[in-house]
Structure formats: structure tokens, C-alpha cells
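Summarising the annotation, TrEMBL assigns carbamoyl phosphate binding site to 46, 47, 96, 123, 126, 249, 250. Annotation comment: TrEMBL describes 74, 156, 208 as L-aspartate binding site. Sequence annotations record features per position, and here TrEMBL assigns domain 'Aspartate/ornithine carbamoyltransferase carbamoyl-P binding' to 2-136. The domain 'Aspartate/ornithine carbamoyltransferase Asp/Orn-binding' annotation in TrEMBL covers 142-284.
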Ligand code: CP
């Protein structure tokens, strides 16, 4: 799984159903010994640990790999690192890398590769857990209004989610600082001010400001960002009664969202993290089955 746009609506639905079944107690164990490794060249808390838990739940053997203590520091390329671990016996890699489409360098690798996030490109496993959270809540995507708010330009989560949500039948709108958006979004009417958006959406998806991907330091103060583009307590009161709040996290409390709203009744932020394990179980099982590896489902 490299990018969610490679998957059809039916394939996404099948993965969602598998993830939901895992969340409801279904289990699956790999039939033979299979080694997997998580190669994170960028920092992660949620994605790395939830893949680790998902792998163990499926009975996979996780080979630890710490980039900071590896031969990457002696100049070994991504391809040579993956080829080396594949030669040693690893059959599936979860990879996060700052380079967009890093996986194009891995065309000669036979093992399964699951993208744990590439630069500003794609984050398919986050997308699947986000779709799962929305589907559990509303039971459909058709005509749901989803507002994606914040640093859309630098967010691989926004890219993956906007593509997939539209494919599944939802209506996607954007909001945030206007100079962070392409002109096309304004022309197409997809951009709305947060105050116009807030009372319309069923799902409010807030994004972390990706400071590390900004060429230059943000000029606006974080306090001003919160007042203009963040979910304040006043704005939350204007949301539809059943609307939910999502954020891929990590959260900048008091910037994208007021700290008191992080765990409020309509927040699904920690539910998203919980769902991450089940979505990743579905992804791993599917990727390995496509390589001919069998699972036992008691
Ligand atoms: N949402 C997400 O990708 O979080 P991590 O960077 O902690 O994995």
C-alpha cells in the first residue's frame, strides 16, 4: 500500500470492513513465520507503535530497526538498506521517509512495502483509520460534508483523505490561511472561511501546522492562528449537534484546537488512534496475502 488513490472504492470498502471486524473482536494469525520491519526515517509516535501492535496481534515477528543506529549513518541508501534486510529475511516493510514517493526507488524490491508517510505526499494508513472513524460514526460517506482545516499544502494526511473521501461520495471543503492554498480550490468553490464552514460540516478535520516542512518561519503568531483558523470554544458551539472533531495528531494544543476541546464529547481524536491498530491490521494482512502468505482465522 503506497497511496490510497491506487485503491478502488470497493477495495477501500473491503479494507474498512476488515478493520471494523478486527475492532469487533475478529482475530487472524499468520500461518508461518514472517519477519516484518518498520523503517522510520522521520519521527512518529502513533503510526510506528500502532503498526508494531498490529503486527504482533497478527503473529508477525517484528525485526527492530532504529535508523539513528543503522548504517544509514554511513551513507547506505534506502534501496540498499531495504535490499539488505530483504536478503536477511524481512518480507514486509513499513516505511516513513521525508522524500515524496521514496518508494519509486524500491521498484526492484520483492517484499511488500506499506507507506507509513512520504513527505507531503501520502499517508494511506492514516487515511484508512480516518475513514474507519467516520464510517463507524455515520454508517456512510455519501453526501457527508467534511471540512479539512489548516496546513493542507504540507499535509500528506489532507492529500490522502481528500482523494479518498471524494471517491467514497463525501463532499470535501478546505479552510485555513488563504496563501496556503492553490488558486484552483478558490475557483472550484472548495475553499470556505472557517466561520462559514463550521456550522455546515459533519466532520471537522483539523491539521497540525507542519512547521518542519515550511521553507521559512511562519510570520503569523500561533495565538493569532488559533483565533483566526483554530477551533476555539466559541466556534465549537456553532457545530451541528452530531458533528465530530478529528485531528491526525500530534496536536498543537491551543493552536489548531483549544486544549479543552481535545477530549470533548464530539472529539474522536483518541478513537482515531485506537482505530489505527485495526486499520493497520487490515492493511498488513491484505499486503501479505497479496504476496501469497496465509492467515488462520479462528
Ligand atoms: N498521525 C501520525 O502520523 O502521527 P505520528 O507522526 O505520531 O505517527
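Cβ atoms here come from the backbone N, Cα and C positions, even for glycine.
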Near-site residues: carbamoyl phosphate, ref 46, 47, 96, 123, 126, 249, 250, CB cutoff 8 A to centroid: 44, 45, 116, 117, 157, 248, 276
Surrounding CB atoms that lie within 10 Å of the CB of residue 208 (L-aspartate binding site), all protein chains: 18
Among 74, 96, 156, 208, the binding-site residues whose C-beta sits under 6 Å from ligand 1: none
Mean of the pLDDT scores, which run from 0 to 100, over the domain 'Aspartate/ornithine carbamoyltransferase Asp/Orn-binding' (142-284): 92
Extent of the carbamoyl phosphate binding site in Å [max Cα distance among 46, 47, 96, 123, 126, 249, 250]: 16
Spatial neighbours, same chain, of residue 126 (carbamoyl phosphate binding site) - Cβ under 8 Å, 6+ residues apart: 47, 117, 156, 157, 160, 161, 248, 276
Residues in the domain 'Aspartate/ornithine carbamoyltransferase Asp/Orn-binding' (142-284) grouped by DSSP into helix, strand and remaining coil: 62 helix, 22 strand, 59 coil
